[in-house]
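Enquirer: Just lifted these from TrEMBL, have a look:
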- 557-595: domain 'SOCS box' (DOMAIN)
- 158-190: repeat 'ANK' (REPEAT)
- 258-290: repeat 'ANK' (REPEAT)
- 291-323: repeat 'ANK' (REPEAT)
- 324-356: repeat 'ANK' (REPEAT)
- 357-389: repeat 'ANK' (REPEAT)
- 390-422: repeat 'ANK' (REPEAT)
- 423-455: repeat 'ANK' (REPEAT)
Amino acid sequence: MGNKQFACACHSSLENCSREDLMNWYLGLESNEDTDAASVDEDWEAKTTLYEKLRAGEMSLEEFKTYKKYWKQDIKLKTRHGCRCAGRFEQGELSEFRSLERSTTSKTCACNHNGIGERGETASVKPIHLVAMSDTNHDLLVALISDGCDLNSLTNYHKFTPLYIAVSYGCKSLMKVLKERGAKVNKVASQTIFCTAVHKAIERGDPEILDILLSSKKIKVNKTSPRNETALHLAVLIGRKFVSTLLSAGADPNIVFNQTTCLMHAVSSQDEETTKQLLDHGANVRAKDKNGHEAILYASRTLCANLYRLLLDAGADPNAIDSSGFPLLVNCASRGNYEIVKTIVEHGADVNLTNSVQYSPLHMAAWNGHTDCVDLLIKSGATHDKQTLDGNTPLALACHGNHPKVVDLLLTLGCNVNNADKDLDTPLLYATHNGMTDTVKSLIEHGANPDQCNGAGTSPLWCAVYCGRKEVVKILLMESVHLETPSVGSDPHLRSLQVYNNPVSPLWLATAKADEEILQLLLYAGYDVHKEQWLTKREFPELCLENNGNILLDYLSSPLPLKFICRNYLRRKFERSLREVVDSFEIPRTLKDFLLLQDVLWM
């Protein structure tokens, strides 16, 4: 009775077996197991030799024929969970193959990953896969095919075909043999983005390899990966020289991958040539991604006007709006590329279209100091005095951004120089904060109120003293502004954050900042120190000691000359109308200049 039959018999009626019968069965089984183990080791040794020599192209046809019993067998490798040996093994990249652990039940990778067993992967290849790794194996491949080996045999883990492997290794002669003998050219591999032979050819970057594949009448150039990625998508991303070839072979430029099109990728890469090729082959310029973005919105990072022109000529929407509510022209105007802005405007963009907070292209161009774009937008019909949601106008933003040329251009249009935003900040306050001396003059000449305060009570003079803008202080003093207006302070560039807990005066500021020149100017202009309650408190001597307050102490301890008392009286009586009154006096020019404080220009 054979061992298996005996075992079955013993299992069915164990009580009928004698001790001698059981012993004989056990010894016979043990002997067979030793024989089987030796056979397994011999097979494993042969297969490792095949693996190493075939992948390196180092086996002759004569030697290969001595392994004929293994031609259709799998060479298997048990890998550990989480290691990369399965993929490397099937791609012929696993080095030191003979160092693999040996077992009569399984052959296992020798890497250091934990978790062998049920959770691991079993990789396997056949000799035909290994033969496809080297062009020197041409005769071996023909022999395998003649022997009836499966041309489309799949590896276990990646599902690679011999053709796919031949493409991976650039084995052109083997590719031609496989293709001519009927290998499937559209088979999809797993576990890789380069899932078909055509995808892999794009990665290889060899035009001849791609031409061999595309010459097949059965090729499906639009075959997609499990993620719906076509070879054309890959070509646009990593192999642009193949785009034209694929399009000529019938690749569809409008297949969507990851909710984006090939055209979107080309535009995002600022690739003018590929963009043109895709458009010439019917790419949908109005297709939208998951955020509702058209391809032209992907051009936001480019400075290439030709790219915009290509898209707009093909029918892209010049008024396209991104998911954050920004129209195309608003974005482009903020960056200030004149040719791009001009191109979009010429294609019919609405120059007054705003984003979600009512910022128009003109607002953004003015804020960022793009004078040529501001001029273009105004000539194209942009509203020059429109307010944003927070109340700013282009003029205010130009002052906020410290762009005097833009301010000068806008002032010629009659913009509202006293516009106040939600914090009641004015263009003059912004200009004062930035120390734009000439702009401050221009704003006042165009009617800006030099006494207009913001929501924190900050006047232009207070702001000028706080920021140490001596020349601006002089200009404001000559306008007979209110000198003693206190404020808690605010910073236009920090969203009008309060500076002090309690209101402080310009005189206190100048003393606290130890700015002797500005302190002297304020006193010379007739500052009423008797309104300063802090001068009678402990705070005054402390400030003087800390900040060199000798000028203020000398002023308080010395009587004021009569001519200064008279000037201060007239200035307070007539305030902003002082200039008209003084000009009407029939007095010498030098006296007029004295009353108008013209002499501060030389201080």
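Backbone N, Cα and C define each Cβ position, glycine as well.
Tell me about the setting of these features in this model.
Expert: Summarised by DSSP class, the composition of the domain 'SOCS box' (557-595) is 31 helix, 0 strand, 8 coil.
Among residues of the same chain six or more beyond the repeat 'ANK' (158-190), those with a C-beta under 8 A of the stretch's C-beta atoms are 86-87, 90-92, 128-129, 131-135, 137-138, 141-142, 145, 151-152, 196-198, 200-201, 204, 206, 208-209, 212-213, 215-216, 218-220, 223, 225-226.
Mean model confidence for the repeat 'ANK' (258-290) is a pLDDT of 95.
Mapped onto DSSP helix, strand and coil, the repeat 'ANK' (291-323) counts 16 helix, 1 strand, 16 coil.
Within the repeat 'ANK' (324-356), the DSSP-based counts of helix, strand and coil residues read 17 helix, 1 strand, 15 coil.
Among residues of the same chain six or more beyond the repeat 'ANK' (357-389), those with a C-beta under 8 A of the stretch's C-beta atoms are 325, 327, 329-336, 338, 341-342, 345, 351, 395, 397-398, 400-403, 405-406, 409-410, 413, 415-416, 419, 421.
Note: the repeat 'ANK' (390-422) comprises 15 helix, 0 strand, 18 coil (DSSP; helix = H, G, I, strand = E, B).
Counted with DSSP, the repeat 'ANK' (423-455) comes out as 16 helix, 0 strand, 17 coil.
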Enquirer: Given a Cβ distance threshold of under 8 angstroms, which distant residues of the chain, six or more beyond its ends, lie next to the domain 'SOCS box' (557-595)?
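Expert: Distant Cβ neighbours of the domain 'SOCS box' (557-595) are 451, 479-480, 482, 524-526.
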Enquirer: Helix, strand, coil: count each for the residues of the repeat 'ANK' (357-389), based on DSSP.
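Expert: Final tally across the stretch: 16 helix, 0 strand, 17 coil.
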